[in-house]
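Take a look at the structure below.
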Amino acid sequence: MTGLSELISRAGGVFLLPVAMALVAFILIGAPSSWLTLTVAGLSMGMMIFLMASGLSLVFGLMDVLNFGHSAFISFGAFVAASVLAALGGWLGADSVLLNLLALICALAAALAFGLAGGWFFERVIVKPVYSDHLRQILITMGALIVAEQIILASWGGSPLNVPRPAFLEGSLLIGDASVDLYRLFAFALGALVYVGLHLLLNRTRIGLLIRAGVENREMVEALGFKVDRLFIGVFMVGSALAALGGAMWAGYETLITPSLGAELMVVVFIVVIIGGLGSIQGTLLGAIMVGLADNYVGFLAPKLALASTMILMMLILLWRPSGLAPAVK
Amino acid sequence: MTLLSLQNMQTKIEQYSVLHDVTLDVPEGGVFVLLGRNGAGKTTTLRSIMGLWKPNPGSVRFRGEDITGLHPSDIAKHGIAFVPENMGIFGGLTVAENMVLATANGKFDQTRLERIYDLFPALKKFWDKQAGTLSGGQKQMLAVSRAIIEPRELILIDEPTKGLAPAIVNAMAEAFREISEHTTILLVEQNFEFARSLGRDMAVIDDGRVVHRGTMTDFVADKALQDRLLSLSMFEEEAK
Amino acid sequence: MKGTLTVKTASLLIWAVLLFAPFLFQDVRSLEVAARIAVFIALVASYDLLIGYTGIVSFAHTMFFGFGAYGAAISLKHIGAGWGALGLGALAGVVVSLVVAVLIGMLSLRVKAIFFAMITLAAASVVLVLAQQLSGLTGGEDGITYKTPAIFKTATKLMVDDDGKVIRLLGVKLNGKLAAYYFVFVTAALMFWMMLRITGSPLGTVLKAIRENEARAEGIGYKVVAYRTAVFCIAAVTASLAGSVYAVWLKYTGPDTALSFAIMIDILLMVVIGGMGTMWGAVIGASALVLAQYYLRDLMEAAAGAVAAVPVLPELLTPERWLLWLGIIFILLVYFFPSGIAGTIINKGDAK
């Protein structure tokens, strides 16, 4: 028994869970082609959710600040990107992949820029006055979420908005019998890219070292001569920008978005962060992938249980590990 | 010459007043020991000096400069290092990363690093290990090393021998003696034996006030004073 | 004590107005407003027991409210419009609420307050989605309409004169609608009174000790997790009962009236506006917000019409944007008056 558990922990420990899920699903689903389609869908969904959740997790880890208004950035990212895409409709439909790509890059960049600016404003005006007061923090960020949602409603109206996709990402790839959506592959690749970037930033740079140390013990980092506040606003801005990027990607994935998008995704984001454990990028990725896979597999096997399945997953994991699968060391 | 001077320092934590009136001069050089019962306010004194809690009213002067209420990072830049009671090790980081973090610009001064290796040879062995997996003694060595990797003028150390094996305590005493030749140490300690072997000057805090100041030699000689100022438990511990 | 006296007087005055509401305001809409205020006072008071007295932030209060409402609704629909069915439905709601509250409490009250907030939010969202999807049981998005016990029918005559016509007292028909209102009033008042009793009891003192200093309370020997779970259960049961009562009044239960996140936001706003940690604040907060909901929209509509010529302003002043303004008011309140109306009055008055 100890031999087995040691073997598992050497092979990756809790990070094997998604693999185990995929294997179980393979047996339950039976058809390899459907399984492949679903797995790719799950992974790409997981990556998009990872984008949305990573900032929340880091911000919490570093400053003990939980931003309930985080989902506003997801919504804003989606709507800003959708508007830019709509404005550049000509480029999107053009035959040139270059123009397509340019339009997409513009849209994603706009979402990122909005997230950075919004994050700065949010941190300075909304969050800063209530550092270290959890109750008021939760209330105020919740209030900010209400206001942000109303601003979206006022700016874009309440009716669903169509999101055009760049032509080169339309359609799907056939692998054997399985069809894999191109957009999903792109979402997966982008998410993976961001993860690698974050990982390198956190593990290979001095700023990353400071962030990791700050997540563990903010006071000690300050006693060593660094101002964590300055670090924090940077992390907050990047986190908000990533949420906006995730929202933008999600908009293209759904192709029809409503202002309640952020609030709906927020629940998933919370579940991911709880499953993964707060404060660590690896944990967030793990949680996101598991939720993405579970949602797609269960959505195929028992459609009505999709959302409940992630909830059940969360409960089981909390019973097993009350602080999540791979939280930052505190 | 006075290095650090505390004037009528009062510190409240939430609504509870912990320090009522701490006035203390720490001279430059050697080890200054702060004694006192549990809960007397020793840790709070160190944290108030470091800026982790804000004394109000009262002042902290370092080389004559008022550093009261500054951000901890600015106080650190004045040349003050802090080794907290829980050691403040970043368990998820490697020993090397812990050390790099304590340098001003991410680069090691090789001569200082060699000196640290001489003081704590074990550190070299564990250089790439995750700090969270170290033993208590090794963590304490890391914490102290972190405090001296950059030139400092004053190191605040909170109960470094707590829970350590006797052999490690001896090694630690040796290291402190060596460090104190270049750097002043303000040491909070419950282990009287350890404190006695190191301290030149000392003070006793009780109920948030400095109740005694003097030299260690005088204090050790005066049994009655010890009995009055320190709880008996300290001597029981010593007897063990 | 002057401030406390002011707040108590104001709250009792509100209760008095609610008591005589059918006679004071003889129109259908005002009675709706009065009944909603009464139910929300009970709901907000039970929420304040959590957030104000224990320092627990839960986003699942509407979920429990919904359990009670749906319990009563489903039972009244399928078993019949009797008191037995109502009692059974309310009981079912309470049982489900208790089970879920214990589960959530044991799972997450051990860990950080923030975890709890997130988990309750997640749970509430899942329940909302389930209610929308399991349309066979819950009626889905459309909800359920049903009949309530006969005495609450508008056509029911409580007292008749010699001609068999319903008697009017001070111009108010003594019919089933009146009975339904007083059913709501009495049950809500009872629940509020219970909450008051709890906060005044030794339990309330322990809760305050835990809120002030958790580690210390633990050190003294209080089982903090057990107390928190107990309070969470009490609040859940009360919310569930309030849900059943409101279901009786509305004769309709759907996601919008019983489970939506908008109700949770309402409760939060009421607690904060009224004042966290004072039961009397719940009365003030609930009244203020329900009145605002019903009448502020009218006012905004008028204002939007008045500034129709100015650009942008009408867009911001349309009644649909009222949540925007409430949100801003909410944020400002939490910043500048974290103790709410009641708390601020108490602090100011008592300081003198």
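Here the Cβ of each residue, glycine as well, is placed from N, Cα and C on the backbone.
Not measured: the values here are computed from a predicted model.
What TrEMBL says about this one:
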TRANSMEM  A:7-29  transmembrane segment
TRANSMEM  A:35-60  transmembrane segment
TRANSMEM  A:72-92  transmembrane segment
TRANSMEM  A:98-122  transmembrane segment
TRANSMEM  A:134-156  transmembrane segment
TRANSMEM  A:182-202  transmembrane segment
TRANSMEM  A:231-253  transmembrane segment
TRANSMEM  A:265-289  transmembrane segment
TRANSMEM  A:301-320  transmembrane segment
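Take the transmembrane segment (A:35-60) and the stretches A:7-29, A:231-253, A:265-289, A:301-320: counting Cβ pairs under 8 Å, A:265-289 has the most. Below 8 A, the CB atoms of the transmembrane segment (A:7-29) and the transmembrane segment (A:265-289) form 3+ pairs separated by six or more positions in the chain. Under the criterion of 3 or more C-beta pairs below 8 Å, with sequence separation of 6 or more, the transmembrane segment (A:134-156) and the transmembrane segment (A:72-92) qualify as touching. Contacts between the transmembrane segment (A:265-289) and the transmembrane segment (A:98-122): absent, as fewer than 3 C-beta pairs lie under 8 angstroms at sequence separation of six or more.
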